[in-house]
Amino acid sequence: MPIISKVVARQILDSRGNPTVEVDVYTESSFGRAAVPSGASTGVHEAVELRDGDASVYLGKGVLKAVENVNTVISDALEGMLVTEQEEIDEMLLALDGTPNKSNLGANALLGVSLACARAGAEYTGLPLYRYIGGTMANTLPVPMMNVLNGGAHADNTVDFQEFMIMPAGFTSFSDALRAGAEIFHSLKALLKSKGLSTAVGDEGGFAPNLRSNEEAIELVIEAIGKAGYKVGSPTDKGGLGDAQVMIALDPASSEFYDAAKKRYVFKKSSKQELTSTEMAEYWERWVNTYPIISIEDGMAEDDWEGWKLLTDKVGSRVQLVGDDLFVTNSIRLADGINRKVANSILIKVNQIGTLTETLQAINLARLNGYTSVISHRSGETEDSTIAQIAVATNAGQIKTGSMSRSDRMAKYNELLRIEEELGSQARYPGKAAFRV
């Protein structure tokens, strides 16, 4: 019987050198391990990541309280349960915590246990994790959303918007799409060098040069795509699609430069201009009409519902509008957004909600209502590749897991290459069909 015999947590370090939680789950015949990521720009509605707060140790970012919660309260409750009963395990975790935002035991404690149990369950059944979670129809490799140029909270430069990304959707296999992404990344590096700009990389592996404007950033990415020999879409195409091989995606992380007191979007790092919600929506409409943009994540602030509705009405039929801080992988907030008819896609970050079951519920709710799902990493990552498995398990069709550098990002891409090889002729790369615009 796959009975949980031991649950052990420890404090390890993430890709930014900050502590995070790693959990091991044992049964008599299987083992599972999971490490928990953390974000830099976090939404106020996310589940609570429990930190120790002792400034003398890891600058207050230690996670020994969360580790202790796993090794005592959670371990005592889970030992003796069947590791293959994922929903029951996650229900137990939620009951043990007893708060709506996981602030008692910590979402980082709960998530580590939840994912480690899934890993142990998959090993017990002899199935790869994507098959264990998704069943026999799990065969879709995701279109990568590659963060090649950084600004905002991810970089010390004069660019307000956090992420400028490429999406190589015009290919027939994940491996070919990944190759194109890597070639464009190196093309961009050479282009930056030729202009005397920095090629240092940010938390997610993208470049963070000191540019004059947000416009210069997107124009550099478009130029790099062309220099790599690939066709980028035209803004006259629907969403920049047409016969394009590569499209542009943005994550401005608008909550980071929204002044709630003024009710203005303040471009603090570049022009210093201040925009109302209406003006911000019009700004994005101009960009969509000018550049080959297929996806905008967090184009408006997390609680600016009016702004989100304006943006959705203006460009939602042409562009994927992804809610990250808006929805925080939370089915309740997603349902609210669906009822308000805002956005058309949800970013899925497992640590925003805290358990695998709740993550899958959010993905299913999105699918039932015609919203796409983008499985995502965090800026503070580990070598754990579970999100790659989840992307295939759910046939989500899109993954956001950084640029073409830093081994914590490459771990996910390499895992997807292995899965594609394992699936063989069953592997499906959705390409432009990943978008519903």
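Heads up, residue numbers simply count up from 1 along the chain you see.
Backbone N, Cα and C atoms are what each Cβ position is placed from, and that goes for glycine too.
Computed from a predicted structure; not experimentally measured.
Here Swiss-Prot flags E204 as active site, proton donor. According to DSSP, E204 (active site, proton donor) sits in a coil region rather than a helix or strand. Counted within 10 Å of its Cβ, the other Cβ atoms near E204 (active site, proton donor) come to 30, all protein chains included.
Here K349 (active site, proton acceptor) comes close to P37, G39, D324, V328, T329, S376, H377, R378: these same-chain residues lie at least six apart in sequence, with C-beta atoms under 8 angstroms from its C-beta. Under the heading active site, proton acceptor, Swiss-Prot lists K349, citing sequence analysis as support.
The (2R)-2-phosphoglycerate binding site annotation in Swiss-Prot covers Q162, K349, R378, S379, K400 and rests on sequence analysis. R378 ((2R)-2-phosphoglycerate binding site) falls within neither a helix nor a strand when secondary structure is assigned with DSSP, and so counts as coil.
As annotated by Swiss-Prot, Mg(2+) binding site applies to D251, E297, D324. Taking all protein chains in view, 28 other C-beta atoms sit within 10 angstroms of the C-beta of E297 (Mg(2+) binding site).
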Rounded to the nearest Å, what's the C-alpha distance separating K400 ((2R)-2-phosphoglycerate binding site) and E297 (Mg(2+) binding site)? Just drop the number here, would you?
11
Around the Cβ of R378 ((2R)-2-phosphoglycerate binding site), how many other Cβ atoms lie within 10 Å? Please give the count over every shown protein chain.
26
What subset of the recorded positions Q162, E204, S379 lies within 10 angstroms of D251 (Mg(2+) binding site) at the C-alpha level?
Q162
Q162, E297, S379 screened against E204 (active site, proton donor), Cα within 10 Å - retained binding-site residues:
S379
Find, for the listed binding-site residues Q162, S379, the residue with the lowest Cβ contact count at a 10 Å cut-off, counting only other Cβ atoms.
S379
Count of other CB atoms lying within 10 Å of the CB belonging to D324 (Mg(2+) binding site):
29
